[in-house]
Structure formats: structure tokens, C-alpha cells
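Colleague: Here it is: the structure, laid out below.
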């Protein structure tokens, strides 16, 4: 992050990093498939639970996103951390199909509380404090630090499981507790708490925020071209931008509060406003769909496919964490340097090329031997690390009304998890039939075709937008 960023912003960003680091440090992740097999679960049961998990996440995403938009992102982060503690302890005391079903349902609730709120908090805080230009790099660094923690811890998970089978779950619960403390310490977003204190019905406690003094009275310092969102990526393609005139509601939207920020609407209005913004912006919808391919490939590979791929190569369980840590090193390298590709080609093209690369390397992981598979998985992880911050910056820039940001990010997560639920169901059937390689190759083909179609549609939207602007 730039040295020009104010100390209060640095503190908020580092607390956000701390939350992301410990909330995402699930030590059982490299071995949960083998753990469930050892307690007697079949492949159909294991991936059936995964499908239920994704469906539960879908059902929970919009309600939790609306709560975050209506109240406070920080409250959702604290609640998500508390639920994650309970989720990690469930398999320790209930090692059965029911126990793991409850475990993953609680994981779904915890992640749904955090998924939209975490990114929205960091984005809103930095832009409100006048440090919006540093957001894409901050998002990348946050993910990179989280991945580094996994690199350090995951290699010993196999040994931990052999020493004490439930120990990865105990330690994951401790990590979640640290994340809760970090979330409690997060400062309020500059301007929001001051405006709340000036409004009737808000408590004085909401207005105290030592991190925002001196910011709420002045507008953000990052330059904004007239008619464009303040949340533009660092190096956007001109066609990636959305003008403020495309935002839903127009002059009928609630007036801004004393800080100049839009007033928070009721939950029902937030939901209608989020869908109205999607209807008014084809580019926003296309970017959401484009992000689905990245998330689905990343999630299915790192959580659902990683262990079966290694198992098909007769890899010892104690090496699962080592290989996963190696993959994470490459993902961290990509996440820490998203601007390396953004400075050369547009963000939309970057996401397209990286997603195709992820699909191809995932297919190669099933076709090659153990050494080739590990190399392919590492290249996959590098592309994954590069793509996440770019896609997140693109999506945030396309959201023109910050009142609905967490709701819209939650809608994107719903689409992601819905696709993952379908893929997990199919994966269980393919594994039962012993056709893992066929599943990987077919997934790569479908992904490439979908990305080409999305690319064509984005070009069509660009031409229409340019024609409208010229007229």
C-alpha cells in the first residue's frame, strides 16, 4: 500500500487483513475428504453434503447481504466469526454424516455473513477516507497474506491428523476466535457513523470513530471524472466503465445524508434497488457471470477436486497439505501482483484469459502424471491468484450505487454457489463411476465455450454503449 495512505486507513486495512487471514485459515481443508472417508462416509455422501452446502449458501446470501447493507458490515463480520467457531467444533463432538452436514451448513451461514460484507467494508472505508485508488492493491495484498498463512500451516496438517485426528478442527476454531476480535476492533466507515449520530434514533456509540476524524467534512481526494463512478479500477478499459446516469432510481432515490453519502434504504427497498441496478446494467450482469467461472473453477479445484486428483495418483495423505501449500504459494504470488497484467491489457480481457488458462490447466492435472499434475495445479493457482483481485475491482466499479453494494455482491455469490452445487452433484457421480479425468476435460471445454460467449456479449454491450454515448 502507498506511503501516502493515512495512518487511520492503514489501521483499518490491517485489521481487515487480520480478519481475512484468520477467518480463512481452515486447517482441515486439505484433509476433510480423507477425514470423512475414515469415519465411514462414501463419495456420494461427501459430495452430497457439498451440494447441500452450496444450496444453503445460495438461500442465505441475499438475506445476509441485505442485513449488511441496512445495518453495519462490521456486525456481519463479527457474527460470521462466531458462527465459524461453532462450525469448526461440530465435527469434533459429532463425527458422523449428521455432524458434517451441520458443520457445512454452519460454514455456509458464516461465509454468507462475511462474503459480501468483507469486500464491501474495505471498499467503502477506503473510498470514504479518500484512499480509493489503493483499493485494488489492498484487496490483492489481503488475499496474498491469507494465502501465505495457509502455506505455512497446511504442510503439517497431515501429520497433525495422524497425531490427533480432530486437531485441525480445534485449531481452526481458535483461528475463528482471533478473527472475531479483529472484526470487533474495525473502525466505522468515515462519514457513516457521523451521519448516524446526527440522525434521530441512532445511538451515540455508533458515532465514535477515532479513525475517521477529519475525513467526514471533506470529499474523497481520489479524482473522479464527471459522470463516472468513484470506484473505477486503476487501469480500466474505457468500455468497462459505467456512468452514474445508469444507476437505478435517478432523482427519486433518497437524499444523501450530511456526509454526502446516500441514505441507507429499508431492506425491501435495498432488494428492489439491487435488482433494478442489475436490470439497468447489462455489463454488471455479464461481469457477475464472468466471475462465476473463476469462482467455480477455484472452489471446485481447491476444495472438491484437489484431494481426489491426488488420491488418483496414489499420493500419501501426509503430502496433501504440502502440495496444497505449494499451490497456495503460486496463488499468493498472483494475488500480490494483480497490476502486472492489468497494466498490459484491459481488466475484462485479463479475466477472460486467466479463466481459460485455469480451465485448461485443470484438465491437464487429470491427464498428466503426478509431477505434471502438480505443475498444472501450480499454474492453475497462479492464474487464480491474478484473477480474483481484478474481477473484484471490476465488479465493484460496475456497482454505481453503494447502498446496494453488499446485496449485489451477495447476489453474485449466490450465482457462484448455485453453479458449484450442480458441479458438486455431477462430481460425485463421476467419481463413483471412476471417471475423474472425463469430468475435468468436460469442465474445461464447457468453461472455454461459456467464456467465449460472454466475451462476445460484452463486445456487443460495448458497441451499444459507445453508440448511445456518441448520439
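Backbone N, Cα and C atoms are what each Cβ position is placed from, and that goes for glycine too.
The following feature annotations were taken from TrEMBL:
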TRANSMEM  12-33  transmembrane segment
TRANSMEM  45-64  transmembrane segment
TRANSMEM  76-94  transmembrane segment
TRANSMEM  100-123  transmembrane segment
TRANSMEM  144-163  transmembrane segment
TRANSMEM  169-189  transmembrane segment
COMPBIAS  197-207  compositional bias 'Low complexity'
REGION    197-264  region 'Disordered'
TRANSMEM  283-305  transmembrane segment
TRANSMEM  317-336  transmembrane segment
TRANSMEM  348-368  transmembrane segment
TRANSMEM  374-394  transmembrane segment
TRANSMEM  414-433  transmembrane segment
TRANSMEM  439-458  transmembrane segment
Colleague: At least three Cβ pairs under 8 Å linking the transmembrane segment (283-305) and the transmembrane segment (374-394), pairs spaced 6 or more in sequence?
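Modeller: In this chain the transmembrane segment (283-305) contacts the transmembrane segment (374-394) - 3 or more Cβ pairs sit under 8 Å.
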Colleague: Tally Cβ pairs under 8 Å between the transmembrane segment (439-458) and each listed stretch (12-33, 76-94, 144-163, 374-394, 414-433), then give the stretch with the top tally.
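Modeller: Result: 414-433.
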Colleague: Report yes or no: does the transmembrane segment (144-163) come within contact of the transmembrane segment (317-336), defined as 3 or more CB pairs under 8 Å with a sequence separation of 6 or more?
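Modeller: The answer is yes, given that the two segments have at least 3 Cβ pairs within the 8 Å cut-off.
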Colleague: Return the stretch with the most CB pairs under 8 A relative to the transmembrane segment (169-189), choosing among 45-64, 76-94, 100-123.
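Modeller: The stretch with the most contacts is 76-94.
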Colleague: Same chain, outside the transmembrane segment (374-394) by at least 6, Cβ under 8 Å from its Cβ: which residues?
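Modeller: 119, 135-137, 139-140, 143-144, 147, 233-234, 236, 240, 287, 290-291, 294, 297-298, 301, 306, 309, 323, 326-338, 340-342, 347-348, 350-351, 354-355, 357-358, 361-362, 364-365, 368.
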Colleague: Please work out which recorded stretch in 12-33, 76-94, 317-336, 348-368, 414-433 has the most C-beta pairs separated by under 8 angstroms from the transmembrane segment (100-123)?
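Modeller: Counting Cβ pairs under 8 Å, the winner is 76-94.
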Colleague: Determine which residues of the chain contact the transmembrane segment (76-94) at the Cβ level, with the cut-off under 8 Å and only residues 6 or more beyond its ends counted.
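Modeller: Same-chain contacts beyond the ends: 19, 23, 26, 28, 35, 64, 67-68, 100, 102-104, 106-107, 109-114, 117-118, 121, 166, 169-170, 172-173, 176-177, 179-180, 183-184, 186, 406.
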